[in-house]
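In what follows, a structure is listed as structure tokens, so that the remarks can point back to it.
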Amino acid sequence: MDKFEEIFVKGFIDEPIDPTLDLFDEIEKLKKEKNAVILAHYYQEPDIQDIADYIGDSLGLSQQAAKTDAEVIVFAGVHFMAETAKILSPEKKVLLPDYKAGCSLSDSCPPNLFAKFKEKYPDHLVITYVNCSAELKAMSDIVCTSSNAVQIVESLPKDQKIIFGPDRNLGTYVAKKTGRDLVLWNGACMVHEIFSMQRITKLKEKHPEAKFIAHPECEDVVLKMADYIGSTTGLLKYTIDNPAKEFIVATESGIIHQMEKSNPGKVFIPAPPNNSCACNDCPHMKRNTLEKLYLCMKNGLPEVTVPMNVIEKARLPIERMLEISARLGI
Ligand code: 13P
Ligand code: SF4
């Protein structure tokens with residue numbers, strides 16, 4: 001198998017690594033050698049978060065991707081995030097440690113079906129959550145993330161008709177917060193959909209002092225119980241600013257690494273999913289490992305590319321989001 005076939009089959013180049021190598025040192029050397037920057041999402045495994053140049057939520061990572069002067073962006077996250085970086089910096093090489101790191105939410109909205117859905121609402125503006133494919137972004141008027149979705153909808157005239165996709169849970173949350181009647185695509189994230197209201201209720205009884213915090217990708221029944229709802233950056237900030245000593249956390253478990261680092265002595269309890277076989281790990285985010293990160297930097301592969309005609313159309317809605325966020329100081 002050549003390298004490209006191997007990436008197609010496995011998602012990464014499965015080369016043996018000398019066990020005596022210190023991967024942290026090797027990755028630092030490769031960063032300098034290749035003028036590379038590592039951008040990592042909070043859902044990555046702790047080792048990857050610790051070696052990253054920047055850790056953040058989807059908005060923060062897009063802002064970094066737009067402004068970095070590194071020649072290579074190593075995206076420790078999932079495919080749609082690396083695509084967004086490529087759209088914002090088409091002249092740069094964008095690497096993804098495992099090409100198969102996808103996203104169930106993005107997959108729940110195939111572009112051809114969304115195009116037909118959009119046709120039914122010709123007088124609506126299209127706002128898409130960043131967790132979608134580049135093709136979907138190219139069909140949108142404005143992109144948003146969980147940290148600016150409410151403000152982006154509020155920035156539009158009250159009588160503006162809006163389609164919101166692909167996440168129905170974030171869409172429901174935004175509709176409630178803004179009082180707008182949004183037309184929603186029926187998509188969802190496999191990690192945030194499985195939290196159990198009954199089990200969370202029991203856990204809260206056991207930990208009456210704990211604050212319950214949740215990501216807006218969770219279902220409405222779960223969000224109704226939350227003391228705070230926010231993006232991953234918002235959740236992290238809340239644990240720092242709030243004096244509580246215990247937090248029940250309804251989002252992907254990777255964020256707990258930063259919460260523990262930022263809050264020595266505080267306790268973070270992952271919110272329980274609805275069956276005991278499940279966990280709060282995103283199987284897509286967790287495809288990336290320190291070993292794959294090292295191999296991708298060494299080989300310059302897997303590389304994420306986006307066709308130029310898609311870049312041209314997808315760039316404007318992302319830039320609109322970045323402009324509105326900058327104007328509002330988000
Ligand atoms: P944020 O990083 O914007 O909070 O989104 C979480 C997520 O699901 C990323 O895939
Ligand atoms: Fe997609 Fe959900 Fe994983 Fe985020 S946590 S990458 S939305 S599947």
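Every residue gets a Cβ built from N, Cα and C, even glycine.
Listed in sequence order, Leu105, Ser146, Asp167, Asn169, Leu170, Ala188, Cys189, Val191, His192, Glu193, Thr251 are the same-chain residues six or more apart from Glu217 (iminosuccinate binding site) with CB atoms under 8 A from its CB. Summarising the annotation, TrEMBL assigns iminosuccinate binding site to His41, Ser58, Tyr129, Val130, Asn131, Ser146, His215, Pro216, Glu217, Thr232.
The [4Fe-4S] cluster binding site annotation in TrEMBL covers Cys103, Cys189, Cys282. With a 10 A radius on its CB, Cys282 ([4Fe-4S] cluster binding site) counts 24 other CB atoms from all the protein chains.
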**Prompt:** Measuring Cα to Cα, how many angstrom lie between Tyr129 (iminosuccinate binding site) and Cys103 ([4Fe-4S] cluster binding site)?
**Reply:** 13
**Request:** Within 10 Å of each Cβ, count the other Cβ atoms and name the one among the binding-site residues His41, His215 with the highest count.
**Result:** His215
**Item:** CB within-chain contacts under 8 A for Cys103 ([4Fe-4S] cluster binding site), separation at least 6
**Value:** Val78, His79, Phe80, Asn131, Cys189, His284
**Message:** Give me the count of other Cβ atoms within 10 A of the Cβ belonging to Cys189 ([4Fe-4S] cluster binding site).
**Reply:** 25
